[in-house]
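As C-alpha cells, the structure follows; a few thoughts come after it.
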Amino acid sequence: MARYVGRFAPSPSGPLHFGSLIAALGSYFQAKANNGIWLVRIEDLDPPREMPGASQLILEALKAYQLHWDGEVVYQSERHGLYQAQIDAWLDNGDAYYCQCTRKQIKEHGGFYPGTCRDKNLKEGAIRLKMTKPVARFLDQKHGMIEIPEQLVNEDFIIKRRDGLFAYNLAVVLDDIDQGVTEVVRGADLIEPTGRQISLYQILGQPEVSYLHLPLAMDDNGNKLSKQNHATAIDIENPKPALLHAMTFLGFDVPEEIKAASMNEILSWGCENWRLEQLPSEIEITPRFSNGTV
C-alpha cells in the first residue's frame with residue numbers, strides 16, 4: 001500500500017489567518033494520523049493577488065505553531081515549465097484550444113461556457129481543455145457523495161488565462177501528481193473545482209486521489225474568513241490559544257491537562273486522537289458553482 005502523502009497549499013495573498021490555520025491543522029492531523037508525510041506548497045500562481053513577503057510570513061507562522069513539514073517547500077512560480085509542457089502537448093494533439101469569449105458572453109449563456117470556440121481554430125486567447133472525461137459526482141471522505149451541476153460537468157474549462165497566467169485547476173493537479181499526493185485535505189470552499197480536478201486525473205491517465213473538505217470558519221457577517229475579507233493574522237508570538245481554538249473547531253475535546261502541555265505535546269495528542277467522525281458535519285458554507293446556483 002502506498003504511503004499517505006498529504007499537503008497544505010496556501011496562496012501568498014496575505015499572512016495565515018484562523019481559517020487557513022484550520023486547513024493547515026486538518027491536513028497535518030490527517031497525514032500524521034495515517035503515518036504519512038505532510039508537504040507544504042506555496043501556490044503563487046497569481047502575482048497581482050499576492051502580498052510581497054507573504055510566503056515567508058506563512059512559513060514562519062507554520063513554524064511558530066510547530067507544524068513542521070516534510071521535504072522542501074515547493075513554489076508554483078518555479079514550475080511554469082511543467083504546466084506549459086502539458087498545455088503544449090494538449091494543443092498539439094487537439095485536446096485543447098484557444099478561446100476568445102468574454103465573461104459577458106458566457107454570462108449570457110447562463111454562466112456556463114457552451115463550447116463556442118471549440119472548432120474555430122483560433123491562434124490566441126485563453127486556452128481551454130476539451131472535456132472528454134466529465135465527472136458528475138465524487139466521494140468526500142466526510143460529506144459523502146457530492147453532486148455537480150450538469151452544465152459544469154461538461155464545460156471545457158480554462159487551463160491558461162488570456163493574461164498568460166496558468167489556471168489553478170491545472171497547476172494543482174499536475175503538482176499533486178508530481179509530488180505523489182494521495183489525499184487532498186482543504187477547506188469546503190474548494191469543493192467546486194474538485195470534479196474538474198478528478199477529470200484531469202482521468203484525462204492524464206493518473207490514479208485519482210481522495211478528498212476531504214473541512215468546515216469553513218465564518219466571520220460575524222456570515223462571510224468566510226479569508227485574506228480578501230481582511231481576516232486577522234494569527235498570533236505567532238503566543239500561538240497556543242489559537243491552536244486550541246482551532247482544534248476545538250475541528251471537533252476535539254481537549255482535556256485540561258493537554259491544554260497545559262507544550263505545543264508539541266498538544267499536536268502529538270491531536271495526531272493520536274484525530275477522527276474524521278469528530279469533524280462538524282456542517283460545511284459552514286453552501287457550495288456555489290459557476291453560475292451562482294447550488
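Cβ atoms are placed via backbone N, Cα and C, with glycine included.
These come from Swiss-Prot:
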BINDING   R7, F8, A9, P10, S11, E43, Y168, R186  L-glutamate binding site
BINDING   C99, C101, Y113, C117  Zn(2+) binding site
BINDING   K227  ATP binding site
MOTIF     10-20  motif ''HIGH' region'
MOTIF     224-228  motif ''KMSKS' region'
Field: Sorted by sequence, non-R7, F8, A9, P10, S11, E43, Y168, R186 residues with Cβ within 8 Å of centre, L-glutamate
entry: A23, R41, I42, V172
- request: Kindly assign C117 (Zn(2+) binding site) to one of the three DSSP-derived states: helix, strand or coil.
  value: coil
Statement: Note: among binding-site residues A9, C99, C117, least Cβ-dense neighbourhood at 10 Å is C117
Message: Tell me which of the binding-site residues C101, Y113, C117 ends up closest to A9 (L-glutamate binding site) in space, Cα to Cα.
response: Y113
- prompt: What's the CA to CA span in angstrom from C117 (Zn(2+) binding site) over to Y168 (L-glutamate binding site)?
  reply: 21
Query: Does anything in the same chain, at least 6 positions from R7 (L-glutamate binding site), have a Cβ under 8 Å from its Cβ, and if so what?
result: S27, W38, L39, V40, R41, D176, Q179, V181, V184
Cα-Cα distance, maximum over R7, F8, A9, P10, S11, E43, Y168, R186, record's L-glutamate binders, Å: 16
Alpha-carbon distance [C101 (Zn(2+) binding site); S11 (L-glutamate binding site)] in Å: 27
Shell of the Zn(2+) site beyond C99, C101, Y113, C117, same chain only (C-beta within 8 angstroms of their C-beta centre): Q100, Q105, I106, G115, T116, R118, G125, A126, R128, D156
Listed binding-site residues C99, C101, Y113, filtered to Cα within 10 Å of P10 (L-glutamate binding site): none
